Amino acid sequence: MSVAKKEYKRVTVKSLVDMKKNGERISMLTAYDYSMAKIIDDANVDVILVGDSASNVMAGHETTLPITLDQMIYHASSVIRAINRCLVVVDIPFGSYQSDPKEALRSAIRIMKESGAHAIKVEGGIEIKDSVKRILNAGIPVMGHLGLTPQSIYKFGTYTVRAKEEAEAKKLKEDALLLQKLGCFAIVLEKIPATLAKEVAESLTIPVIGIGAGGDVDGQVLVIHDLLGMTKEFNPRFLRRYMNLYEEMGSAISQYVDDVKTKDFPNEEEQY
């Protein structure tokens, strides 16, 4: 059954809550630069996440840990300049909020003031409760992130599915309820069993956006480079590639090289 889609001139935190109430799925993608953000915004995506995954896909690091607060602000500023409709959420990077709530608030304020972002995202549950509370009390919207939290990769040791065991699943559900109670406007659930994600989504009034969390949540998020097939090595079960840009771009670039070498480019029509 199709669901009537309300057109939002500007997606807000309230828009997302309304979408959940109305049964409309939320679309979310990452972006890290002006050009890609412009395309995504024009395609009527609801939320852009300026993710710390920029550390991987933009800078070539193995993890999200190396990216700095200054770098996140740079990427977020580039994205914001392209936006007419999307809600823009920015990850607070590793090392910028874990020490204490005051540091967390300072980092969140810098992101909001210097980039123009609309909200921030943090990873974790009860262990970051005081930081989340401090940020929310300052009037800054917060999106939570539970399940596989990439900033904790060395704690987990692997990017495997999380919360398969009863104790971890119980903690995740408790953390989700806590984040909602604190005032978070949405939660990302990453790489957890679909049945657990469904249970969490049904227990909350705020939207639950999944990545590798099944189809019974309130929305989906993917890294744009993965969706477009710009990455070759990353092939998780949850990923659907809508294009194969790695091959298509490589072919176009090879054709350009051939045209330059054979003096076919530029031709007479391409000269002044």
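Easy rule for this one: first residue shown is 1, then count along the chain.
Note: Cβ is positioned from N, Cα and C throughout, glycine not excepted.
All annotation found in TrEMBL is predicted automatically rather than curated by experts.
These numbers come from a predicted model, not from an experiment.
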Point to revise | Of Asp18, Asp91, Asp100, Asp175, residue recorded by TrEMBL at the Mg(2+) site of Asp52, Glu123 | key: Asp91
Review point. Which whole-number value in Å describes the distance between the Cα atoms of Glu123 (Mg(2+) binding site) and Ser53 (3-methyl-2-oxobutanoate binding site)?
Key: 13
